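Student: Okay, here's the structure, questions in a sec.
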Amino acid sequence: MISTLLTKIIGSRNDRTLKALRKIVKQINAMEPQFEALSDAQLQAKTAEYRQRLEQGETLEQLLPEAFATVREASRRVFGMRHFDVQLIGGMVLNSNRIAEMKTGEGKTLTATLPAYLNALSGRGVHVVTVNDYLAKRDAEANRPLFAFLGMTVDCNVPGMDASQKRDAYAADITYGTNNEFGFDYLRDNMAFSPEQRVQRPLNYALVDEVDSVLIDEARTPLIISGPAEDSSELYIRVNKLIPLLVKQDKEDSEEYTGDGHYTVDEKNRQALLTENGQIFVEELLKKEGLLAEDDSLFSATNISLLHHVNAGLRAHTLFERNVDYIVQKDEIVIVDEHTGRTMPGRRWSDGLHQAVEAKEGVKIQNENQTLASITFQNYFRLYDKLAGMTGTADTEAFEFQQIYGLDTVVIPTNKPMVRKDMGDLVYLTANEKYAAIIEDIRGCVERGQPVLVGTVSIENSELLSGILTKENIPHKVLNAKFHAMEAEIVAQAGQTGAVTIATNMAGRGTDIVLGGNWQAEIAQLENPTEAQIAELKAAWQVRHDAVLAAGGLHIIGTERHESRRIDNQLRGRSGRQGDPGSSRFYLSMEDTLMRIFASDRVTGMMKKLGMEEGEAIEHPWVTKAIENAQRKVEGRNFDIRKSLLEFDDVANDQRKVVYEQRNELLDTSDISETIHVIRDDVYGAIIDEYIPPQSLEEMWDVPGLEARLKSDFALDLPLQQWLAEDDKLYEEKLRERILDEATKLYAHKEELVGKEVLRNFEKAVMLQTLDGLWKEHLAAMDHLRQGIHLRGYAQKNPKQEYKRESFDLFTQMLETLKRDVVSILSRVQVQERDVEAMEEQQRQQAEAAPRTYTHAAADNQLADDEAQAEAAPVTFVRDEQKVGRNDPCPCGSGKKYKHCHGQLT
């Protein structure tokens, strides 16, 4: 009550914001006569003038009044439409990193031209984001004449464009496109093998239409680019036949040691490595099999994949044992957890090991779809320097926009007062009674010539209602969200006299329903219409328009409450545009999903006891309020899920930013030799530390082990034992320096042999390929970690903290593996100029040929639901011993009291 009184005295935050913006509107209006007096050429010259002033240090905010006045005057000349004052306010809100809630029919598309023009003056690009391709193309074409008049370029970014077309689209001052396409282009750019393959510029300003749909409804669903892990089934099988021909080399200290074995096994570190004899023998076998050219080596750059298959096959045969490490079940390899002995269906080893074991056991070799890159809309749109959005319904989600994106919501007043009549909900006992009442309402509308839009929560419900209307011989149209162009056409004519249109709640957004039908759409269907034809169509439309107004305007029928009030408000908002009359009513039954969950059997029983007869409905403001409270609960839960998922994804996002930043630096740098030098010293230093611990006694050194490791991993054949025997003063530090010097000399010799430029290009290619491979594996590892992390709740651990800790360990491990693998490959591979060209060509072909799957993945609710179950589960398990008190700490480990945490659910 005190809050209400204060608001009345000092006004709400929204009122104060609008008051401040109206002062700037007065400035813009004062400039209008001055801009009207300009010739077309003088008005067009303003763009160059503003750009020059920006370069001289003026800010966009300082230019705003003049820029908006310019766009308003240009729009009047090009379209014959002048921006209303409320549209100017909307434009200012959108320029200031905020969300503008503008009701249906208030001209959001025209409003967007104001901040789009202003922000495009910087030359850094503006992205106008829509929810489907049709709207992107429509808005780009609709606004192109205005922007072209002002000297701005406009383009549209849609699926199916090649790289050069996309590059042109992004080079435009203003680019229209869908949220999916902008996101996928960002991911594709971060998978490019050369700077020329990238299409996006740095992300400057995004203006998101239907912002609630993009940033809230689709926030849980990540964009994923995936591709099948290379199909090498045949290669695995052929290599598998060769492995049993190899002979294990005995340990040097055993009596049977002869030194002519083909491989060694280190069970402690789970490694199997080819000896020098083994390498020669395997090369001979591969040449006989036709897998290796006669003059080629297994260690040449183009045969890295073949070497990988040999190593995977060797490990599968020597380190992994059936019924110990895995079992064969239903023609599949199922991993056995080494700690628990339990099978882990669905889990697969990485690095091609699983396929190698499948080849060994003769079962079907499965290819995996590997995640190559992924990002959520939450994290993609937060990459922009400036972000703004507009929608007809944002106020109910204002808290979430502020919490997640830091965006305040401003409700823009309508140009004309809203006169739509929103009637109270009618609640029936059964769905059949509800549908009978809906049919009667529709029949009444048709008889008096009033158009009606019926909103359903699912396609299934819309088809059910369509079937009933067909039986009742009531003509109608059903919106199918699959065909956006058709959808807009149907919606545009949904205001015809007595028209009945059934639509799922989200269908047709972005297209206004004009009372009496859309006369412009009718004219567009004519070829070269004459002035007389246009006048005739306009006159006919005016008659229909007046008839619909007299019948009460567009009537909205909601067949069920959505779990979000915002979606219900969107449906209502289709009626009453620009001060037109209209009405809305929701019909509910106790069998509806929302009512079934939140209105218990007791309420249904009470309704029956009150003597409700069949076909009778309850209508009371209390009922409507109770339903809205139920919706608030669901909205709160969904917000918690999205926030929880964002906290998890933020961990991956931080890592993604680091990897993509490093990758882009790598692409833009021609010489990375200094980086390679630092990495090489790090890797050798770490290996030496393993065998010669720092500041340790000589008795603790494992010099033979270090010799063998340097030789097997880095092709560095150094007589360390001989050095130590010959030089008593060769202490740890000096030995370390000598090893690093020898490694540097060997690498310098390689550079002399192949040439500086060839080696620089090869270093870059190896670094990119290794980073991409390890990043893919890291994404898979993160997925596995995320799927099981909720189980930590059972151990009274916080799953989020555990996820952060373990994912950091995985990332650190990935970076260490990257350094080691890059140094190992560069040390062992024999580089030739043709190898570099072949490797780059191989990368290009793989990128172009690999069938990629672009998915807007299913909503990732499972993680949050699992986490909630895991956290709540201890309450269930310990109930027999001790009931959790309302004021006790919640067993989930959140630190909150039980009544404020999971106690709310009960």
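Each residue, glycine too, has its Cβ placed from N, Cα and C.
Pulled these features from Swiss-Prot for this protein:
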| type | residues | note |
| --- | --- | --- |
| BINDING | GLN87, GLY105, GLU106, GLY107, LYS108, THR109, ASP512 | ATP binding site |
| REGION | 875-897 | region 'Disordered' |
| BINDING | CYS890, CYS892, CYS901, HIS902 | Zn(2+) binding site |
Student: Let me make sure I understand the structure: which of the binding-site residues listed (GLU106, ASP512) has the fewest other Cβ atoms within 10 A of its Cβ?
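Tutor: Result for the binding-site residues GLU106, ASP512: minimum number of other Cβ atoms within 10 Å at ASP512.
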Student: For LYS108 (ATP binding site), just give me the three-state DSSP call.
Tutor: helix
Student: Any idea which of the binding-site residues GLN87, THR109 has the thinnest Cβ neighbourhood at 10 Å?
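Tutor: Relative to the other binding-site residues in GLN87, THR109, THR109 has the fewest Cβ atoms within 10 Å.
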Student: Taking 10 A as the limit, how many CB atoms besides its own sit near the CB of GLY107 (ATP binding site)?
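Tutor: GLY107 (ATP binding site) is surrounded by 19 other Cβ atoms within 10 Å.
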Student: If the ATP site is taken as the center of the Cβ atoms of GLN87, GLY105, GLU106, GLY107, LYS108, THR109, ASP512, which further residues of that chain fall within 8 Å of it by their Cβ?
Tutor: MET102, THR104, LEU110, THR111
Student: Which residues, sitting 6 or more apart from LYS108 (ATP binding site) on the same chain, put a CB under 8 Å from its CB?
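Tutor: Looking at Cβ-Cβ distances below 8 Å from LYS108 (ATP binding site), excluding near sequence neighbours, one finds GLY90, ALA100, MET102, ASP209, MET390, GLY392.
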Student: Indicate whether GLN87 (ATP binding site) is helix, strand or coil by DSSP.
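Tutor: The three-state answer is helix.
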